[in-house]
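Q: According to TrEMBL, the protein has these features:
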- 35-54: transmembrane segment (TRANSMEM)
- 66-90: transmembrane segment (TRANSMEM)
- 110-126: transmembrane segment (TRANSMEM)
- 155-177: transmembrane segment (TRANSMEM)
- 197-222: transmembrane segment (TRANSMEM)
- 243-263: transmembrane segment (TRANSMEM)
- 283-302: transmembrane segment (TRANSMEM)
């Protein structure tokens, strides 16, 4: 297994037999193929995010709070996809073109930078989802006044997301900054490997709770009674539409992170001595797929919701013009003009 080598700072000091074993793993076709697929997914994620930003930056018909949170989610996906793609390209170049088997380790500064930003993007995606759930709960509870009030909620939640994510990354920085030789930017030192299973369990529970909450919000807004004012009726439609988008995002995260957690737990418990363990881990790392599916699903959803939104608003404002009711509406408007 191409595990992290602790207490080594110079690749030339690594025993040659270990270098040969690590080189065989890094040059394995399955390992290279898994890295290539994840790299393609990250490239697709970057393309989707840039396309969505350029096309919908001034056309997004969402409340400012959820809009800034969606931008934060996009940014987290972009950070992860960009640095993950850079890391994979560099690792593939090393595996194909490096002849010295003891020089296939990542440069220390390169590993630290890419690892920090990949983890930052990963944590940012999860934390932003929590913030979006909080925002939707407030929007649902204050449906009558939310359209004009709570305009700073998105900024506050985004600030909390950035601070919380930075703290998560900062707490683990001293561990990865030690004397370690790494072959993959996703690797952690051995001293931190004991927390991996617990972390996966927490992610799985968090995703399940997020999914249950967003489905509840969607169902609640779907069955909400018609309000007295046009503004609240309009906001109810917006809540329903946004809750549906959040539900789609939660499902994407739940499925990918649940499968990822299950795969990693199985590999750690059942395949820990397998020489291709790192290749299997690379194949089971589904976060690049998440970063691609979130912006792609958002693009599809926004295009469809724009059409439904126009139809819904027209229905709210439409006045009947035929029959007795139509004559009464016309008479009322005519009288108001002459008052």
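Each Cβ is built from the backbone N, Cα and C atoms, and glycine gets one as well.
Structural setting of the listed features?
A: Long-range contacts of the transmembrane segment (155-177) within the same chain, counting only residues at least 6 positions beyond its ends with a Cβ under 8 Å from a Cβ of the stretch, are 65, 68-69, 72, 76, 111-112, 115-116, 119-120, 123-124, 127-128, 130-131, 134-135, 188-189, 191-192.
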Q: Please give the sequence-distant neighbours of the transmembrane segment (243-263): residues at least 6 beyond its ends with Cβ less than 8 Å from one of its Cβ atoms.
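A: Those are 73, 125-126, 129, 132-133, 136, 140, 200-201, 203-204, 207-208, 210-211, 214-215, 217-218, 221, 280, 284-287, 289-290, 293-294, 297-298, 301-302, 305, in sequence order.
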Q: Are the transmembrane segment (35-54) and the transmembrane segment (283-302) close enough to be called in contact, which here means at least 3 C-beta pairs under 8 A that are separated by 6 or more residues?
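A: As far as Cβ distances go (cut-off 8 Å, pairs 6 or more apart), the transmembrane segment (35-54) and the transmembrane segment (283-302) touch.
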Q: With Cβ-Cβ distances below 8 Å as the criterion, list the same-chain residues six or more beyond the ends of the transmembrane segment (283-302) that contact it, or say none.
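A: Residues packing against the transmembrane segment (283-302) from afar: 30, 34, 37-39, 41-42, 44-45, 48-49, 51-52, 55-56, 60, 70, 73-74, 77-78, 80-81, 84, 121-122, 125, 186, 244-245, 248-249, 252-253, 256-257, 259-260, 263-264, 267.
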